[in-house]
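First the structure, in the form of structure tokens, and then the observations on it.
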Amino acid sequence: MATADTPAPASSGLSPKEEGELEDGEISDDDNNSQIRSRSSSSSSGGGLLPYPRRRPPHSARGGGSGGGGGSSSSSSSSQQQLRNFSRSRHASERGHLRGPSSYRPKEPFRSHPPSVRMPSSSLSESSPRPSFWERSHLALDRFRFRGRPYRGGSRWSRGRGVGERGGKPGCRPPLGGGAGSGFSSSQSWREPSPPRKSSKSFGRSPSRKQNYSSKNENCVEETFEDLLLKYKQIQLELECINKDEKLALSSKEENVQEDPKTLNFEDQTSTDNVSITKDSSKEVAPEEKTQVKTFQAFELKPLRQKLTLPGDKNRLKKVKDGAKPLSLKSDTTDSSQGLQDKEQNLTRRISTSDILSEKKLGEDEEELSELQLRLLALQSASKKWQQKEQQVMKESKEKLTKTKTVQQKVKTSTKTHSAKKVSTTAKQALRKQQTKAWKKLQQQKEQERQKEEDQRKQAEEEERRKREEEIRKIRDLSNQEEQYNRFMKLVGGKRRSRSKSSDPDLRRSLDKQPTDSGGGIYQYDNYEEVAMDTDSETSSPAPSPVQPPFFSECSLGYFSPAPSLSLPPPPQVSSLPPLSQPYVEGLCVSLEPLPPLPPLPPLPPEDPEQPPKPPFADEEEEEEMLLREELLKSLANKRAFKPEETSSNSDPPSPPVLNNSHPVPRSNLSIVSINTVSQPRIQNPKFHRGPRLPRTVISLPKHKSVVVTLNDSDDSESDGEASKSTNSVFGGLESMIKEARRTAEQASKPKVPPKSEKENDPLRTPEALPEEKKIEYRLLKEEIANREKQRLIKSDQLKTSSSSPANSDVEIDGIGRIAMVTKQVTDAESKLKKHRILLMKDESVLKNLVQQEAKKKESVRNAEAKITKLTEQLQATEKILNVNRMFLKKLQEQIHRVQQRVTIKKALTLKYGEELARAKAVASKEIGKRKLEQDRFGPNKMMRLDSSPVSSPRKHSAELIAMEKRRLQKLEYEYALKIQKLKEARALKAKEQQNISPVVEEEPEFSLPQPSLHDLTQDKLTLDTEENDVDDEILSGSSRERRRSFLESNYFTKPNLKHTDTANKECINKLNKNTVEKPELFLGLKIGELQKLYSKADSLKQLILKTTTGITEKVLHGQEISVDVDFVTAQSKTMEVKPCPFRPYHSPLLVFKSYRFSPYYRTKEKLPLSSVSYSNMIEPDQCFCRFDLTGTCNDDDCQWQHIQDYTLSRKQLFQDILSYNLSLIGCAETSTNEEITASAEKYVEKLFGVNKDRMSMDQMAVLLVSNINESKGHTPPFTTYKDKRKWKPKFWRKPISDNSFSSDEEQSTGPIKYAFQPENQINVPALDTVVTPDDVRYFTNETDDIANLEASVLENPSHVQLWLKLAYKYLNQNEGECSESLDSALNVLARALENNKDNPEIWCHYLRLFSKRGTKDEVQEMCETAVEYAPDYQSFWTFLHLESTFEEKDYVCERMLEFLMGAAKQETSNILSFQLLEALLFRVQLHIFTGRCQSALAILQNALKSANDGIVAEYLKTSDRCLAWLAYIHLIEFNILPSKFYDPSNDNPSRIVNTESFVMPWQAVQDVKTNPDMLLAVFEDAVKACTDESLAVEERIEACLPLYTNMIALHQLLERYEAAMELCKSLLESCPINCQLLEALVALYLQTNQHDKARAVWLTAFEKNPQNAEVFYHMCKFFILQNRGDNLLPFLRKFIASFFKPGFEKYNNLDLFRYLLNIPGPIDIPSRLCKGNFDDDMFNHQVPYLWLIYCLCHPLQSSIKETVEAYEAALGVAMRCDIVQKIWMDYLVFANNRAAGSRNKVQEFKFFTDLVNRCLVTVPARYPIPFSSADYWSNYEFHNRVIFFYLSCVPKTQHSKTLERFCSVMPANSGLALRLLQHEWEESNVQILKLQAKMFTYNIPTCLATWKIAIAAEIVLKGQREVHRLYQRALQKLPLCASLWKDQLLFEASEGGKTDNLRKLVSKCQEIGVSLNELLNLNSNKTESKNH
């Protein structure tokens, strides 16, 4: 602010910034102000504050007014525009100053004027021309528009005060521009902060208006106290300079005002506001304020205090007024006498004096225009006088047309009278001379006045400064910063500086920069608004005295002086303005002293009154003022439209801007000076302090309709002319403007031409921004333009005169008119071009600023969003930590509780054991040993006994110890609570390491325990991963509800409070010792080279595929290949999926029973009406009834089931149902639509019954219809029923099925089979309503379904296990709250259940599974120990087993489980116990094998079967189980693994036995036999011997050992020892002659040795011996058919069937007899007497399945293909054993294959065959229960694979790949099929596809080792080394204990040249989880050892 902004382009007279800011100010007005206005609706202070959406007219309004803070708006558009233009240039600073003193500078971006340079008020007035008339008019019009709105509050006062007063209510933020000062500030804000200003520190948000006070706060926030003081001093200096300038300006202005008494009269009224301010200030610093008048220092609110005019001042002003009135009268007289000439003369005087002045005054004028707006009030009353004067002037001008016309008057007249003729050359010269003289005179006057003012000001300021400096020194000496701040604020407040503009210019700058923020705030605090309003009459009050732009700045200062920091003394810079500002200021000063007259520029008495119209801003509040303005605008618009000459007058306005430019003072200096000046007035007028807004006595100003006349800037053609004159002499233009306003009022009816904002924004009006030289040049140009304008005006006057008086000739008028027209056009074009350019520049600068602001805002928004995101993340993290900490606290508390219990128990036990020890010493050492052994062996039982017996009287000592321990533990509890976080971190790290070391056994969802149905709560999958419990707690499931706390609050814990004895100490010790002993040594013996050798010997991909697929296809039944076109097969595969059912629908004989209604017996015997729902209904037979509807009411609107209302017939439907039996009766056909039939039925009924329809009941009508139907059909009773199915019948409307109607079906199906095709005719039935789930309750709530009820129930009946489980899972599945809370709630329930049922293994199993999700590994182990201690049960041991993760732990639990089972078996033996023993034994063996311990596995199994010890496991096994155990042993010897038949092929982890069927060893060749054959046979013999139960019959014994015998026979056969095999078979058949397995084995031996006759003889002999044995005959039939001897079967078939009948059956054929035996309905009825009764029901029931097989198998031999198909379909419809169904299907498929192969229409037959295969795969179950378990199932695809492989043999090889892929997609978990597909891809050399398929199978079947190995081998073949690492990692997660995988990875790493460290890490990981690699890496020794075995 130190230097004013350098003048902008000469055109605008403003720095581009300033222009932009001006424009911005306007924009700020428009945009920002609109925003701000909206914010501070009533804060229209300053134009900027004006709430109007777009008040561009006066920049001052925005920039100046608002900038003026206090007075700017009060001085209305003129002052505002002056301020705007003026402030744009150097007065941007003044504007800032104005803004500053009055209230505060709005942020720079929004300031329309340069913030930094605050010119003294005088300089302001000078430099900133008043807003153009049009601008002021526009503002006035805007105000008029918004007059009724709240922002009207921003009338002249609010304008003058800024938001401060009205608009500036503290609550409302001023427009962006800020408060009253916002205009300036906004302009400044738009500009870059003036350099002199130290970077104004923008406080975060725009200070509320109150920040006027807080402006200091702002400084304080951003600047140090020292800085504040320094800036404060600078401001004081600036204010002193401004005061001096003001004094000079005021003195000169007073003279000018005296010259214009009339104008002053009018101005006095209007400017009394401003003048009163100025006057008061002038009293204080009269000369200074006079100088201030020059610049119309709206901001220098110093005069605000003066605003309240004292009587003496008023007299003085009146005197001045009187002096001024003569001047104005004089000029008026001149105008009237000479018409335009008088005006020209006045203008000449004004132009010379006031043109210079007006140029200076243009600033003044513009600011005075604001005052003029106030004067509009005076205009109202004076308008009549002005009209009279105007008439006189017109007359005089007519008379003087011939005389020489003063250029000044002419210019002004021309401005107003656009028709005036061009002034002659002589007139121009005279005008110029007059102008020059007037200019010189004015300058002299100004100099004198300035000298006086400066002297006075200096004295006053010196005193003030001394006082301030003393005060400042005191303040600086204070040590307390707060006290310093308070004192400093007091000091500033005392000076009446608005805090927002604290003396610190930097602060002001910052305010300027933050117009919006600081502006708003300051204005809110601005109390000066009221003062400003009071001082509206004062010259200094900017808004009130629009004529005094200089005062405007000054007034605004004075006005806002209440704002301590805002009061600025007129800056000395004003002195630089004097030439320009003096004349103008003089006029202003004159107007200031005579408060009533607006301070017109020097000698414009008549026109000054016109300037008062500009004050409309002052009276903006009043509607009259607005109306007047509006009228004026109308007139101006009309004149603009109609008078082109007016445009030429626009050329003049620029001159005043030049004046303004000539004295631009550095913004900073100006602002500082103005601040200082203002501060003085404030000090003098304490009433203006911000604090309470003192009522302004001047508030009651005469209300005149304001006419906005922008002297300099008036853009309208008319206003421009006036503006030019006003520029030359501010008031000259006003006079003509006022006259125009009068005309406008008279022409109110004329259409309004809205003022153009462009002209308002014309920056050319502010020449103050120009340098001095250019300013002078500008003035000269202005004078020249004024002379021309005057000539033009004279001509126009002459035209007028000639038109009115005949003295003037038409020719002269025409010539002059033409010239005027041409000149006007040229001027118009030039002015338009200039204005548009200026507007363009302004808009560009505005755009630039807006873009910058947008970028800043975007950045701030981004930052805010980033902060929000960060905070949200922090919040979530904190919540997580909180939850985890809570959880750990609970765990610690539980641990402490447990440990306390253990401690007490152990102490008691210690006492007991001590006593026992003492007793034991007395016993012999042998006894002691025994006891020790007993303790070791039966520790747990002993402990349980101890536990059950209460502790006997513990001693006092132990009680004390317990108490001490308790205290210690409590202390520990507290410490633990503190260490929770650390513990958690440590545990998380440990868990992470453990995860890295040992992959999780199962990748299961974190926690999704399905609620088990109550009958099966043991199905839940066990989660073996106990290392991630902490995480699981938080991730449990998304659908957990906030759990109910009622039940839990009473005693919330997650572990049962069981008084259990110490866990088996001995067992734990044994376990530990065992683990340490068994831990293998680190494998470091082998070198990398050896490992690489082993890797090279490893199985290749081909070997792997061959190994895994051998045995899969060995016994596949091969069919005949059907050669069909490949394209068809491909298409067929698609159709096959769509249409699976080729057979026609089943016809039920019951479907015709509804026609019974047509029988006469229906009514006579049944006595039923035809409407009976039993017969007349719309029931859909394939649609379920709604069970809710059946048992109550169904409230589900979308229920898909049938309801009573759905199938009950209405009256119309009943008639339609009856008529549907003969549609032709009603004229319809079968093809008719429902609508047609319905309509026809209604017509028929209507026609039939007619009038009687309403007299008959429904049943009577129905009876008549029935008789009609019978007659039409020709039926005679009683034969009236219908056998044919109706083509149409009424059906109930089925609700549309929603998309998710089948979701429950899919959710419920847990099976892996998902068939790709959907049957075409499948009915979309909703989910079967099999089980009512807890969420399924619609209408009846089971009492136990509600949690509260369940809680009550379990408390009443605590031993009800199912209720406890149901409640626990209720809590677990709650949808509220967190998952961990739900889990804890469920655990709490189960813990309570265990307290009441601690011996219930079912509860323990559920509890352990849930507890494993939250407890640590140690905690879970401890709870498992507790479980098996309290509830030792097979299931609880299995749960324990699955929850352990390492080999040692699992092996230990398995060993204990075997001991437990053996102990139980000693007491009683049972099949289930025997199976459990076998399963536990084989699990342990499998665990050892899986972890690489084949030798130990073999030893375990061997010891279990034939140990020398008495108590071997085999003793407790049933014969069948013992036989399986021996088979497993032999299989292990031979293949180093257990039989795969026992286990689920898709899960290679150690698991439970799923299948106990016997099997044959999978030897393929002699080489496969590893063991010595004789030794192997000896083992078989041992096995048979061990499995033979002598108590059984021979046949039973053979059958029990049959699996062993069949394997012995197979071994003999493999070894090609056929004779031995045959001998064995025959010997066995002697005891079991009809054992089909043995018979088949013998036949196979004969066939292998090509003894077909003997083979046939075997079957024939067996059949002859057992003619009624259907099983034997079936096998015989199969044999004959396979031998292609089917034709030979018929006699045997007859013989076989005859065995069931007595003689007499001969007349019946075989099929009829079979139908009779199988109870198949047929055409012939066979008497029952012919059937033999020589077989009992049991035997016959055993035979029936084979009878069906024989019936189907032999059917093709005796009947057609169609009947054979029907026979197979009938057989499949009979409920039979699964194995029989499979045999029927295989026979059926073979039949279909043969049929298709031999058919001519292969395509159709193959389609039938394919559909049949699909049906078979779909209908045959693949889910089988695990032995002795009804809850656990496994998927057995063995039969499905046989069917698929058979189908493949019937399909061309080219289709195998697609077929296999399709079946794999249908059965994704079918491991056998997956391996077959991989084998096929390998055979086709599709390694890439093989790799992809294998990788897919690793996801579908994640626990199948074979697929992992093939996938890895494929990657190795394709060199995908990185993928190999990933596959190993994934595989070991699924199969963590698989030694084979670990070995492969180790060898792979070694082959890759892996580092030794990596290999050692692998080995150490293996050791950690208990995997042994020793045997796998020493395969030779393993082999020899196994052979030795």
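For all residues, glycine too, the Cβ spot is worked out from N, Cα and C.
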- line: Record (Swiss-Prot) lists phosphoserine for one of Ser128, Ser545, Ser655, Ser1159, namely Ser128
- prompt: What residue among Ser41, Ser540, Ser719 has an entry for phosphoserine in Swiss-Prot?
  reply: Ser719
Task: Consult Swiss-Prot and report the residue, out of Ser208, Ser419, Ser724, Ser1046, annotated as phosphoserine.
output: Ser1046
- request: Can you dig through Swiss-Prot and tell me which residue of Ser809, Ser1760, Ser1799 is labelled phosphoserine?
  value: Ser809
Message: Where Swiss-Prot marks phosphoserine, which residue is it, choosing among Ser194, Ser561, Ser805?
response: Ser805
- line: Checking Ser89, Ser186, Ser276, Ser1301 against Swiss-Prot, the one recorded as phosphoserine is Ser1301
- prompt: Using DSSP, how many residues of the repeat 'TPR 3' (1438-1471) fall into helix, strand and coil, respectively?
  reply: 28 helix, 0 strand, 6 coil
Arithmetic mean of per-residue pLDDT over the repeat 'TPR 7' (1745-1778): 88
